[in-house]
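Here the structure is laid out as structure tokens; the discussion comes afterwards.
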Amino acid sequence: MDKPRILSGVQPTGNLHLGNYLGAIRSWVEQQQHYDNFFCVVDLHAITVPHNPQTLAQDTLTIAALYLACGIDLQYSTIFVQSHVAAHSELAWLLNCVTPLNWLERMIQFKEKAVKQGENVSVGLLDYPVLMAADILLYDADKVPVGEDQKQHLELTRDIVIRINDKFGREDAPVLKLPEPLIRKEGARVMSLADGTKKMSKSDESELSRINLLDPPEMIKKKVKKCKTDPQRGLWFDDPERPECHNLLTLYTLLSNQTKEAVAQECAEMGWGQFKPLLTETAIAALEPIQAKYAEILADRGELDRIIQAGNAKASQTAQQTLARVRDALGFLAPPY
């Protein structure tokens, strides 16, 4: 029996941080043997907002190398670059032509980012969810790992599938597969070190708001030392008046691979002066093997290029099958080759 297929990806917009790792990538690694996995570096998504063309290519390689360093296993998973598979752009256009504009205008993430960009907001940012839908649908994904902030985009993908299948498919022969969300509640939202009510993000202007996977020990120590806390003694979870306390305890729980109950007992009587060195030591120990593996991978650039090339080829072969099916359903003349 074929394994269910998963599709997910990360933008190459700077270093990955603990939010990316604990909220997504680590769960991919833990579950990968149960699925047929396609993990993408979504560089086309990265240019929907202002980006640095001088660093995009290197950032793309960094994300691919970090996938491997974090434990993505090529026995179970395919790693590829989104822009290297032309079918993503073509399917996105075909989906655009059947997706109502008002579906996109109600997307919460677009509204939030459009406010920041003002008149300079791009059509690409508005259309981001349709490209995401193309990413998912090209690979007939059964499951899509999503955080709470991406659930609306996956719901849009499902709406697009239903619309296309109703218009162009048959009940016994749908054009596109309807994907299901794969939501991991524990650690799904790792919050900022500077504000426990905001998600840890690469787009935050302050480097002190996040711990990057490639941060050296001294930088981790500095960031934990400066992270926002409160004056209370004793540490506990789930207090809405202490969001930073809950966030830092959650980080320690995930990085130390302990249960919430064990951490609650261990830290109940601690002050921040005792807890912060403990969190620092735990974060450094958790990231050391990832950083060592990353350095090993980058030391053999040729092998990394071969991995990406092989992944691109496999992804393209799979994607072309779906694209041909959609083109046929929409009535296009098949190319004579």
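Counting starts with 1 at the first residue shown.
The backbone N, Cα and C atoms fix where each Cβ goes, and this holds for glycine too.
The ATP binding site feature in Swiss-Prot is assigned to Gln11, Pro12, Thr13, Gly19, Asn20, Gly147, Glu148, Asp149, Val190, Lys199, Met200, Ser201, Lys202, Ser203. Annotation source Swiss-Prot lists motif ''HIGH' region' at 12-20, citing sequence analysis. The L-tryptophan binding site annotation in Swiss-Prot covers Asp135 and rests on sequence analysis. Taken from Swiss-Prot, the feature motif ''KMSKS' region' covers 199-203.
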- Query: Mind checking which residues reach the motif ''HIGH' region' (12-20)? Cβ under 8 Å, same chain, six or more beyond either end.
  - Reply: 41-43, 46, 51, 56, 59-60, 62-63, 66, 189-191, 199-203, 210-215, 251, 255, 283
- Integer average pLDDT (0 to 100) for the motif ''HIGH' region' (12-20): 90
- Expressed in angstrom and rounded to a whole number, the ATP site built from Gln11, Pro12, Thr13, Gly19, Asn20, Gly147, Glu148, Asp149, Val190, Lys199, Met200, Ser201, Lys202, Ser203 spans a maximum Cα-Cα distance of 21
- Note on the structure: Note: in the chain of Asn20 (ATP binding site), residues six or more apart in sequence with C-beta under 8 angstroms of its C-beta are Val10, Lys202, Leu213
- Task: Work through the binding-site residues one by one (Asp135, Glu148) and point out the residue whose CB has the fewest other CB atoms within 10 angstroms.
- Result: Glu148
- Task: Pop the Cα-Cα gap between Asp135 (L-tryptophan binding site) and Gln11 (ATP binding site) into the table, whole Å please.
- Result: 13
- Task: State the Cα to Cα distance, in Å, between Glu148 (ATP binding site) and the residue listed as 'L-tryptophan binding site', rounded to an integer.
- Result: 19
- In three-state terms from DSSP, label Asn20 (ATP binding site) for me. helix
- Message: Tell me the coarse DSSP state (helix, strand, coil) of Glu148 (ATP binding site).
- Response: helix
- Per DSSP, what is the residue count of the motif ''KMSKS' region' (199-203) in each of helix, strand and coil? 0 helix, 1 strand, 4 coil
- Taking the Cβ of Lys202 (ATP binding site) as the centre, how many other Cβ atoms fall within a 10 Å radius? 17
